[in-house]
Amino acid sequence: MLPRKLKIDSTELAEITNELVQFLNCLVLRSGGLKKEHIWVRNGRILDERTVFFEEKTMADVQIDCEGLILSPGFIDLQLNGGFGIDFSTYNSDDKEYQEGLALVAKQLLAHGVTSFSPTVITSSPETYHKILPLLKPSNASSEGAGNLGAHLEGPFISADKRGCHPEQLVITSLSPNPVEIIEHVYGSTENIAIVTMAPELEGAQEAIEYFVSTGTTVSVGHSSAKLGPGEMAVLSGAKMITHLFNAMQSYHHRDPGLIGLLTSSKLTPDHPLYYGIISDGIHTHDSALRIAYHTNSAGLVLVTDAIAALGMSDGVHKLGTQTIHVKGLEAKLDGTNTTAGSVASMPYCIRHLMKATGCPIEFALQSATHKPATLLGVSDEKGTLDVGRLADFVLIDKNVTVKATFCSGKRVFLAQD
């Protein structure tokens, strides 16, 4: 039987289950760049076309014409505070309400091409963590929304001087005398935690980093007054990331470059790699700083949005945890201050801006929102690439990174309306 030939706007694409599907006429994002290839999918995963041809000796049940679009892995956002009116740091004593808000954000992210994210909780009280964290169980992407990679806890173990918009009264500036006991008291279980941002100069921080690493949690250094030395010690202890590079840390100084100096540290080795999140929205990070990061350590660059509840909403007053935020255009400011308080930029916007600011090729920008964050979190065997065996979570975009359609496990879950 000949394959059924469909366009990306066919209603059938939202219902496909165990059929053999071939995506044609697309530019596929590979490690070596964009390649004019086909993608084969069945039962939600990417197949090896050699298996189809030489072992199964079969034809596709369905062929989908991708109309020359770029087929990229779904975008991965490792720092997302909320969006669409929902703030992940706000808990109103109602588990169902919180879960409904989380589900709403996950659903809306599909229109942005985001298929996996880490819901981010800023500095909060132990009571809040104990209520929220059990509700942030990891999940895969589906027609219901983007997958949850586990929580990114940004605080409370940070520098009071570099707290940014985090509530000062909840910041914890020492993990002494018993870091593990303090962590367990503050967070409760670490089961649903994917990333912890902490300041490496705090007393007890190195032991805390080693503990987090032993639990499989990724440690990111940030919101910190640290000089380079404590940052390097953190990397040697297992920290793998810098949180929103250039923001909430010491400025670069030629005698002690602080955490920014980690980008060129001699301590970085294949055994101790380092990634850094960067907010490419034209507000948090000047284009010149983006270029410095890109040309200094391009391999570690990971795009994050740091978006807040105002993402996808109109200008006005919004919340970030217990803090009040004023949003105008792409700028979000803490009430009564000039402190930048998260972003309202989408991931496609950040990808476009990185290309514009640095002149990097689209392949690099896309890898920085797909393969690199997946590798950082250790989930690249399932997500972040279009290699054989991976989940068929991908996005069809044009050269301007306009999202045309999003697929999760091979099913179309979002279609842009012309």
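Cβ atoms are placed via backbone N, Cα and C, with glycine included.
Quick caveat, the model's predicted, so the values are computed rather than measured.
Site annotation (Swiss-Prot, ligand divalent metal cation) includes GLU154, HIS244; from HIS130, HIS223, HIS254, the additional listed residue is HIS223. Across the structure, GLU154 (divalent metal cation binding site) and ARG255 (substrate binding site) place their CA atoms 28 angstrom apart. Figure note: comparing Cβ neighbours within 10 Å for the binding-site residues CYS165, ALA341, the maximum is reached by ALA341. Calculated from their C-alpha atoms, the gap between GLY282 (substrate binding site) and ASP306 (active site, proton donor/acceptor) amounts to 13 Å.
In the three-state DSSP assignment, the secondary structure recorded for GLU154 (divalent metal cation binding site) is strand. The Cβ of ASN247 (substrate binding site) lies under 8 Å from the Cβ of GLY164, ILE279, HIS284, THR285, THR340, each of which sits 6+ residues away along the same chain.
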